[in-house]
Amino acid sequence: MAPSRSFTWSRRIFLTLLTGFVLIPVYVMISSSLKPLADVTGKFRWLPSGLTIRPYIDIWSTVPLARYFVNSLIVAGAATVCSVVIAVFAAYAVSRYEFRGKRVFTVTVLSTQMFPGILFLLPLFLLYVNIGNATGIALFGSRGGLILTYLTFSLPFSIWMLIGYFDSVPRDLDEAALVDGCGPLGALLRIVVPAAIPGIVAVAVYAFMTAWGEVLFASVMTNDTTRTLAVGLQGYSTLNNVYWNQIMAASLVVSVPVVAGFLLLQRYLVAGLTAGAVK
Amino acid sequence: MTTTAFKDPVREASPGAATRERRRTGRIRRAGLPYLLLLPALVLELLVHLVPMVIGIIMSFKELTQFYIRDWGTAPWSGFSNYKVSVDFNAPVGNALLHSFFVTVGFTLLSVGLCWLIGTAAAVFMQDSFRGRGLLRALFLVPYALPVYAAVITWVFMFQHDNGLVNHVLHDQLHLTGKPSFWLIGDNSFYALLTVSVWKGWPFAFLIVMAGLQNIPRELYEAAALDGAGTWQQIRRITLPSLRPVNQVLVLVLFLWTFNDFNTPYVLFGRSAPDAADLISVHIYQASFVTWNFGTGSAMSVLLLLFLLVVTGTYLLVTSRGRRASDG
């Protein structure tokens, strides 16, 4: 049956307004990144007085953007890979085995989701400094410390989602693999993981985005050489001038890889959420 | 978000004594395996969440100022004095914390409510296919995909007093305000924060509800249409009730994320937020790192955690989803 007229009209109006709300900041980001400095320091204009790609050239020299970019890439990439691998193992254990302490584990992992990040910030900072003093392993100020921190941020959600996803993979499949002589790891890697790819991709996207966008820990736990984009972008404001066109250009450069990857993988994300999280 | 029963009835009832025997020995041999698989996750959770939490609780009972930060173990014990300061609502510190708490509660309720409403409406409107649906869906996910700092810094630019879009539209173009307003200081900052938070947060609700909608069997709608139910009636009688379990989880997650959000206010306002938008995370950050009183900051964090535990516990008990979760 075709939807009613009142429904189609409500839909048109609602979706039009929402599109405007969503797109205006995106438009501002793109258009301002192509404006000369005079345009962004004076009254706001919808259209640039002249297009220039100058901001895209200057962003790399005003602050060491390339270095921040590489730092972010290393930190977020490593955190994602580690978090996905660890979550796959943990979720497989919870999904396929009965063992003492299973409930305690799941409840504890889930409850860390509710803790405010601010609660961990200072203790973690002190802990990393102490570990560094005691063992010589530099965690504070290093990329390693940040990777370690970030991968635990996405871990609870990843484990949670993958448990649901693995539960939806028929047990007979990996049982059969076990009977046929696969070890438990073989069954996991050859049967369960391939069948759960959408869930795993969804979890990886989530982990990467969490790490790429984190501000609080990045601002406290990095130094000049390990600074990530989240902190580095603040460098475009000087005492004399705020280079808004460069800030917008840098924001765009920083966003494009994540947004593109996200949009490419969004189908997986919805599929992953459907099976893993929304059952 | 899921906590279905972990036991598989099919396997439980599987026939064949030989198979069962083989399985049992296999089970014994692999008894340590689940723990081995969990080990990395356990170690990390311990190191990065549980140990710091214990340290945080210990710190909240210490007189921890910048003088002791290098060797925090030697800071003198102060009993409950950090807590007393935090909850003494007649004194400046406690009073500011209470104010920040109420701002955060109000902000969170409004933001979660709006995110849920917009996300659900968008998902329901886009449940059936129409031309351009795929494109719209991709566009709507952009705010969620954008890194927080890049997105929020764009809003900072838009909220600028002299060269921002918001004042240009409201004052210069629509003549709604007598003179250009300040958005990032003063009372307006609450609305600025709310706008950004909703803009960033609603696509997550959209995503989850969209996923939830895919689990509603088409036959339900067909049956309802045969019985003469119109589009709106179908939404009210089928879609919304079917979404209830999804919504219960969604609202809880949105609540926790919004309540604890640090990134948005920090990028929007910097290290100290204006009074009207003084969210609790930034408030505690400021109490710890700007005024250098880590003991009091820790006590505030612990109080915040207790509050969240009580709220979440109550919520889980009240919702049926939670009851099932705790049985799992």
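Note that Cβ sites are derived from N, Cα and C of the backbone, with glycine treated the same way.
The domain 'ABC transmembrane type-1' annotation in TrEMBL covers B:101-315.
Positions annotated as region 'Disordered' by TrEMBL: B:1-23.
For the transmembrane segment (B:32-61), the list of distant contacts is 72, 77-80, 82-83, 294-295, 298-299, 301-302: same-chain residues at least six beyond its ends, Cβ to Cβ under 8 Å. The feature transmembrane segment is assigned by TrEMBL to B:32-61 (among others).
The transmembrane segment annotation in TrEMBL covers B:101-126 (among others). Below 8 angstroms of C-beta separation, residues 133, 136-137, 140, 190, 193-194, 197-198, 201-210, 212-213, 235, 239, 243, 247, 250-251, 254-255, 258-259, 275-280 of the same chain, each at least six residues beyond the ends of the transmembrane segment (B:101-126), sit close to that stretch.
Residues or ranges marked as transmembrane segment in TrEMBL: B:138-158 (among others).
Among the features that TrEMBL reports, transmembrane segment is placed at B:190-213 (among others). Listed as Cβ neighbours of the transmembrane segment (B:190-213) (distance under 8 Å, sequence separation of 6 or more from its ends, same chain) are residues 103, 107, 110-112, 114-116, 118-120, 122-124, 126-127, 137, 140-144, 146, 148, 151-152, 155, 159, 183-184, 239, 242-243, 246-247, 249-250, 254, 257-258, 261, 264-265, 268-269, 276-277, 279.
Annotated transmembrane segment per TrEMBL: B:242-259 (among others), in sequence order.
Residues annotated as transmembrane segment in TrEMBL: B:298-318 (among others). Packing against the transmembrane segment (B:298-318) from elsewhere in the chain are residues 56-57, 59-60, 64, 82-83, 85-87, 97, 252, 255-256, 259-260, 280, 283-284, 287-288, 325-326: each is 6 or more residues past its ends and has a CB under 8 Å from a CB in it.
Cβ atoms under 8 Å from those of the transmembrane segment (B:138-158) belong to residues 122, 164-166, 184, 192, 195-196, 199-200, 202-204, 206-207, 263-264, 267-268 of the same chain, restricted to positions at least 6 beyond its ends.
When Cβ-Cβ distances below 8 Å are used as the criterion, the transmembrane segment (B:242-259) is approached by residues 1, 104, 107-108, 111-112, 115-116, 120, 197, 201, 204-205, 208-209, 211-213, 215-216, 220, 280, 308, 311-312, 315-316, 319-322 of the same chain, each at least six residues removed from its ends.
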